[in-house]
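J.: The structure under discussion is supplied below as structure tokens; questions concerning it will follow.
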Amino acid sequence: MTVSSAPGKVYLFGEHAVVYGEPAVPCAIERRATVTVEPRDDDHVRVVAEDLTLDGFTVEYSGSTDSGPDVDVPRPLVQAAMGYIDAAVDQARDAADAPDAGFDITVESAIPLGAGLGSSAAVVVAGIDAATRALGVDLDPEEIADRAYRAEHEVQDGQASRADTFASAMGGAVRVEGDDCRAVDAPALPFVVGFDGGAGDTGELVAGVRALREKYDFAADTVEAIGDIVREGETLLAEADPESEPSEDLLDALGELMDFNHGLLEALGVSSRSLDSLVWAARSGDAYGAKLTGAGGGGCIVALDPTDETQTALQYTPGCVDAFRAELATTGVRAEDGNDTKTSEEDA
Ligand SMILES: Nc1ncnc2c1ncn2[C@@H]1O[C@H](COP(=O)(O)OP(=O)(O)O)[C@@H](O)[C@H]1O
Ligand SMILES: C[C@@](O)(CCOP(=O)(O)O)CC(=O)O
Ligand SMILES: [Mg+2]
């Protein structure tokens, strides 16, 4: 049996624009998905994922129910739910050159689904690591990141960047621009996350931005302007001492850029009334800055605040179902079964 975990992430800057080649800075956070894999003697794949719920299915009884009810779950719902795990299994079979390998897979995750914290990337990264190790193949974190990207790219109909999967596989703060992925030496930033209980459909939201970008030059300019914000932000990070607490000046400047980034994402149509209300609650709670994180539509915002004020303000905001401090995850994908021959920290 092999067990692997991988972290979720928040975007300091740059989601959506990263899909069109602009840079982005996602940061891995200490909320992890854990995948347990047991190889099988046949080529079947059996998945237990208790955090995953499906809305709407039909159960048909005909005559005796000895063989159990015939559950008719609409195909698209199953595909949406299972696509990422399926794609991770395909990648692991390919990496181990074992096209007929079968697995019993259990997924457990502390990352809310579809909420912009990269649950899909964490599940795919941890799944590829656990399944390849179960087949006796040990991939390094960069290769897991690459295969996880290919899996997300396939599931999201060709609309995915390398950002989420690279951050999850490597841990820490990273910078992604097209195929160029690298670690960023940044001070530990005081992230606070607010969750509205909702979710967004990544594929649909990315398609919406793509359509606007094709329709209006000013929407294409907006995407480029997000890239400018990221470039400005990474200059600030590069000037800071990664070993020290971030200075107030740095937090002020990063916060201003986060606020601007949120405004541009809002203009591109990927925010929502509840995300905006959490962003404003964080700002009135004294955050240095706040923005939505990930695809948007519903889910999470991220704010910068070293004190408890933003978290408290969010907790008292109607529509906020959870508010928590998100520590930077310095380790990306890792074995949880004592069979690890590497961690991304050692490799970095
Ligand atoms: N705990 C889990 N168990 C099984 N699948 C999961 C789990 N968490 C996430 N997933 C997969 O990831 C999808 C959500 O990914 P996505 O829409 O990209 O949002 P995000 O990555 O922001 O959480 C789910 O529909 C599901 O397919
Ligand atoms: C919108 C996007 O930039 C980030 C999506 O993040 P998430 O899946 O919502 O956590 C898409 C991508 O980079 O693949
Ligand atoms: Mg995702």
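Any Cβ shown, glycine's included, is placed from N, Cα and C.
According to TrEMBL, the active site, proton acceptor annotation covers ASP164. What TrEMBL records for PRO112, LEU113, GLY114, ALA115, GLY116, LEU117, GLY118, SER119, SER120, ALA121, ALA122 is ATP binding site. Taken from TrEMBL, the feature domain 'Galactokinase N-terminal' applies to 3-39. The feature domain 'GHMP kinase N-terminal' is assigned by TrEMBL to 84-172. Look at TrEMBL and you will find 251-311 tagged as domain 'GHMP kinase C-terminal'.
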J.: Could you state the CA-to-CA distance between PRO112 (ATP binding site) and the residue listed as 'active site, proton acceptor' to the nearest Å?
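T.: If we compare the Cα positions of PRO112 (ATP binding site) and the residue listed as 'active site, proton acceptor', the gap is 15 Å.
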J.: Write down the Cα-Cα distance for ALA122 (ATP binding site) and the residue listed as 'active site, proton acceptor', rounded and given in Å.
T.: 8
J.: Given a 10 Å Cβ-Cβ cut-off, pick out the one of the binding-site residues PRO112, GLY114 that has the most other Cβ atoms nearby.
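T.: Per the Cβ count within 10 Å, the most buried is PRO112.
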J.: Count up the helix, strand and coil residues in the domain 'GHMP kinase N-terminal' (84-172) according to DSSP, in that order.
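T.: For the domain 'GHMP kinase N-terminal' (84-172), the helix, strand and coil counts are 51 helix, 8 strand, 30 coil.
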J.: With every protein chain in view, what's the tally of Cβ atoms within 10 Å of the Cβ of GLY118 (ATP binding site), excluding that atom itself?
T.: 32
J.: Could you give me three numbers for the domain 'Galactokinase N-terminal' (3-39), the DSSP helix, strand and coil residue counts?
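T.: For that range the per-state counts are 4 helix, 27 strand, 6 coil.
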J.: With every protein chain in view, what's the tally of Cβ atoms within 10 Å of the Cβ of GLY116 (ATP binding site), excluding that atom itself?
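T.: Taking every protein chain into account, the count is 32.
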J.: Based on a Cβ-to-ligand 1 distance below 6 Å, what subset of the binding-site residues PRO112, GLY116, ALA122 would you report?
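T.: Among the binding-site residues listed, those whose Cβ sits under 6 Å from ligand 1 are GLY116.
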J.: So if I take the binding-site residues (PRO112, GLY114, GLY116, SER120, ALA122) and measure from each Cβ to the nearest atom of ligand 3, which come out below 6 Å?
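T.: SER120, by Cβ distance under 6 Å.
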J.: Using DSSP, how many residues in the domain 'GHMP kinase C-terminal' (251-311) fall into helix, strand and coil?
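T.: Each residue of the domain 'GHMP kinase C-terminal' (251-311) counted once, the result is 32 helix, 9 strand, 20 coil.
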J.: Would you mind sorting out which binding-site residues among PRO112, GLY114, ALA122 put a C-beta under 6 angstroms from ligand 2?
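T.: Those binding-site residues that pass the cut-off are none, since no Cβ is under 6 Å from ligand 2.
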J.: Which number gives the other C-beta atoms within 10 angstroms of the C-beta of SER120 (ATP binding site), all protein chains shown included?
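T.: Taking all protein chains shown, SER120 (ATP binding site) has 30 Cβ neighbours within 10 Å.
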J.: Near the ATP site, what residues other than PRO112, LEU113, GLY114, ALA115, GLY116, LEU117, GLY118, SER119, SER120, ALA121, ALA122 in the same chain have a C-beta no further than 8 Å from the centroid of the listed C-beta atoms?
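T.: What remains near the Cβ centre is GLY8, ILE111, GLY294, GLY299.
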